[in-house]
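Heads up: the structure comes next, in structure tokens.
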Ligand code: ADP
């Protein structure tokens, strides 16, 4: 049996999934899991597709273990548990593909060097994505590896949606709006096609609301505009990121408050958003359950900002036919969905309370002018499918 592994290596976690190639040439999800709390006390949990546990372990005193060391342990464990499968390739989520990479790519030394040069544009993600590629290359030098980019889905959006109002020379050297969460949006577009082909052909805004959060305006399943821009810092308020910010604030922090570039970086990426405004947590569940006014204000600001950006993307599309919620908050948090949709009632959008509480796929109220859906995302599946397609195109 042949198999493909997808890896999504982030700052504090490594998510992985194993897909087995069936006789019809389709990839079937066989197992998946993640290593969490890297840098604190790493733990590994993996499950088979039927939900049964495959492994659970913790690295006590493992705070110093690097991604590479943990991947080595994961490899050793996986080799014993592949149950006769032969891994054909590993596909990776790579956050930034820059100007050049508009589709998944087989990784070689040149590609890796180009991706490395993009690290300053995605400091929270890109270095960890590439560390995983390098770790796998050291462990299995002959195993094909494929990079799947979060920017690729947005590559062909209209020129105007990719331009910042800066001098042309900066645009030409790559200071432009790229957009992210593309693997998630591509998966959503594909699922929507299967669930409601007519809606998929129309104007849909997908809301990927997780620790990282963004919206994507799609017309006929293609990205037309999105809230993230040059970096994954732009747009919505997030768990620890500020989202759209008056650039004058950055100047003020540096010139008047004397903050160094590193301190500003840390502030905007890791100390802002839900965490910064609440002073309590970056986790939506914790904040919604918390009674303090600061927690409530953080939640309100998150919803207000998301609804406001939704209005902006509605203008980019010239109207909207559908809203799809996805990712941790979008898939699970009925209260946040309800309050965001209340703010969008001016569009003739309304949801059904019962369907919303049940996270049902279609949560629109009867008569809503905009269809509202909840569709779980699956970036690992998208990575595996792309990886197989790249392998097949090499033959
Ligand atoms: P990441 O961007 O790191 O992949 P996720 O998509 O897992 O993040 O989203 C994390 C967010 O989703 C957190 O704010 C968390 O509170 C929220 N979330 C995850 N699961 C649930 C749930 N079952 N109910 C409510 N909120 C949830």
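The backbone N, Cα and C atoms fix where each Cβ goes, glycine too.
Quick look at what TrEMBL annotates:
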BINDING   8, 379  Mg(2+) binding site
BINDING   15, 208, 209, 210, 211, 212, 283, 284, 285, 328, 329, 330, 331, 332  ATP binding site
BINDING   93  substrate binding site
ACT_SITE  150  active site, proton donor/acceptor
SITE      181  site 'Transition state stabilizer'
SITE      241  site 'Transition state stabilizer'
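Structure coloured by features recorded in TrEMBL.
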residue	record	CB count, 10 Å
8	Mg(2+) binding site	24
15	ATP binding site	18
93	substrate binding site	25
150	active site, proton donor/acceptor	29
211	ATP binding site	18
283	ATP binding site	17
285	ATP binding site	14
329	ATP binding site	26
331	ATP binding site	17
379	Mg(2+) binding site	23
Residues among the recorded positions 150, 283, 331 that border ligand 1 - Cβ under 6 angstroms, in sequence order: 283
Among 93, 181, 241, which are recorded as recorded positions, the nearest neighbour of residue 211 (ATP binding site) by Cα: 241
Cβ atoms near residue 181 (site 'Transition state stabilizer') (within 10 Å, other residues, all chains): 30
Other C-beta atoms that fall within 10 angstroms of the C-beta of residue 209 (ATP binding site): 27
Maximal Cα-Cα distance (Å) across residues annotated as binding ATP, namely 15, 208, 209, 210, 211, 212, 283, 284, 285, 328, 329, 330, 331, 332: 21
From 241, 285, 331, 379: recorded positions whose CA lies within 10 A of the residue listed as 'substrate binding site': 379
Neighbouring recorded positions, C-alpha within 10 angstroms of residue 379 (Mg(2+) binding site) - of 181, 209, 241, 283, 285, 329: 181
Cα proximity to residue 331 (ATP binding site), best match among recorded positions 8, 150, 181, 241: 181
Mapped DSSP class for residue 285 (ATP binding site), helix or strand or coil: helix
Secondary-structure category, per DSSP, in which the residue listed as 'substrate binding site' falls: strand
When distances run from the Cα of residue 150 (active site, proton donor/acceptor) to each of the binding-site residues 8, 283, 329, the nearest one: 8
Residue 241 (site 'Transition state stabilizer'), number of other Cβ atoms within 10 Å: 28
Recorded positions clustered about residue 15 (ATP binding site) [Cα within 10 Å; pool: 8, 181, 241]: 8
